[in-house]
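**Student:** Dumping what Swiss-Prot says about this protein:
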- Cys4-Cys20: disulfide bond (DISULFID)
- Cys8-Cys22: disulfide bond (DISULFID)
- Cys13-Cys27: disulfide bond (DISULFID)
Amino acid sequence: GIPCGESCVWIPCISSAIGCSCKNKVCYRN
């Protein structure tokens, strides 16, 4: 539930390496 400061509209979350996932076009962690 914490925003990772990254969007995932066109590309996947690069921050997925630290546990972020795409939700509603924004990358979130928990």
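Note that Cβ sites are derived from N, Cα and C of the backbone, with glycine treated the same way.
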**Student:** Under 8 Å between C-beta atoms and at least six apart in sequence, can you list the same-chain neighbours of Cys20 (disulfide bond), or say none if there are none?
**Tutor:** Cys4, Glu6, Cys13, Cys27, Tyr28, Arg29
**Student:** Counting across all protein chains shown, how many other Cβ atoms sit within 10 Å of the Cβ of Cys27 (disulfide bond)?
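**Tutor:** Around the Cβ of Cys27 (disulfide bond), 21 other Cβ atoms lie within 10 Å.
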**Student:** What number of additional C-beta atoms lies within 10 angstroms of the C-beta atom of Cys8 (disulfide bond)?
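**Tutor:** Around the Cβ of Cys8 (disulfide bond), 20 other Cβ atoms lie within 10 Å.
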